[in-house]
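Report on the following structure.
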Amino acid sequence: METTNQTGSVSEFVLLGLSAHPKLEKTFFVLILLMYLVILLGNGVLILVTLLDSHLHTPMYFFLGNLSFLDICYTTSSVPLILDSFLIPRKTISFSGCAVQMFLSFAMGATECVLLSMMAFDRYVAICNPLRYPVVMSKAAYMPMAVISWAAGSAASMVQTSLAMRLPFCGDNVINHFTCEILAVLKLACADISINVISMGVTNVIFLGIPVLFISFSYVFILATILRIPSTEGRKKAFSTCSAHLTVVIVFYRTILFMYGKPKSKDPLGADKQDLADKLISLFYGVVTPMLNPIIYSLRNKDVKAAVRNLVVFQKHVTQ
């Protein structure tokens, strides 16, 4: 495994992936490829209908279009690399390629955290202050909110990627992961990473802790408002407007908390099993969650279902 000069730098990294489980590689290649195609199709259709259907030109669907585009970008930054690793015996990635992939993945993940909280605020205003909704969530408000989400995620990723890739890597250059996941890369550094750990902790508080609290408080007020609606039909209608977003939030944050919040095994055999479990969970976060988002919104949102049906009908008329 190649390490280069004596200054502690490396020219490439070796991605371990599922090399120790060759039978699983073939199975997961097919599964991940199919899921990636569903992600491109599902999120692509959502972006298309939010652009073409005038009924969906609202803040909620604007944010949904951003979420779909983000999911496509996130998976495209990692899935082709993962698929390639399943086919090549020795999976390598250049130092610069690793930095780019790390930046894109981290940026998309951080952006999604902020974007989901923006979407929660949109639902809060729509349900708790419906008369003020057109003013509070005007185009002059929701456009900058989306820009801030993307800018904040990109800035955080730039800081974390810069801090990680400036470290010396003078030992093993094998990354025990499918991609250049930042925590897996930091384990290879042969220098003090306390600054990285502190910086990651601060970033986690800002991009995980604060959005979770914000979303939680938003839904406390939303549920309190819904319960005060006198009619059952009114309560159902109000809850249906935010149920898809709430489901996406639960899936997204449950996966992250399970990935980074569970205790580490001290038993060597247990550690090996945990490494495999961690990798498979990262696949769930990286592939299954973006695949579920358009499905959830399509099944739980009448406007999206109607827009998709209209798009299908239009396509049939065009092809005939």
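Heads up, the Cβ atoms here are built off N, Cα and C, so glycines get one too.
Automatic, uncurated: that is what TrEMBL annotation is.
Taken verbatim from TrEMBL:
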- 42-297: domain 'G-protein coupled receptors family 1 profile' (DOMAIN)
- 28-49: transmembrane segment (TRANSMEM)
- 61-83: transmembrane segment (TRANSMEM)
- 95-121: transmembrane segment (TRANSMEM)
- 141-159: transmembrane segment (TRANSMEM)
- 205-227: transmembrane segment (TRANSMEM)
- 239-260: transmembrane segment (TRANSMEM)
- 280-299: transmembrane segment (TRANSMEM)
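Taking residue pairs at least 6 apart in sequence, the transmembrane segment (95-121) and the transmembrane segment (239-260) share three or more C-beta contacts under 8 angstroms.
Take the transmembrane segment (61-83) and the stretches 28-49, 95-121, 141-159, 280-299: counting Cβ pairs under 8 Å, 95-121 has the most.
Away from its own ends, the transmembrane segment (205-227) comes close to residues 110, 113-114, 116-117, 120-121, 123-124, 127-128, 152-153, 156, 235, 238-239, 242, 246, 249, 253, 256 of its chain (Cβ-Cβ under 8 Å, at least six residues beyond either end).
Looking at the domain 'G-protein coupled receptors family 1 profile' (42-297) alone, the prediction's average pLDDT is 87.
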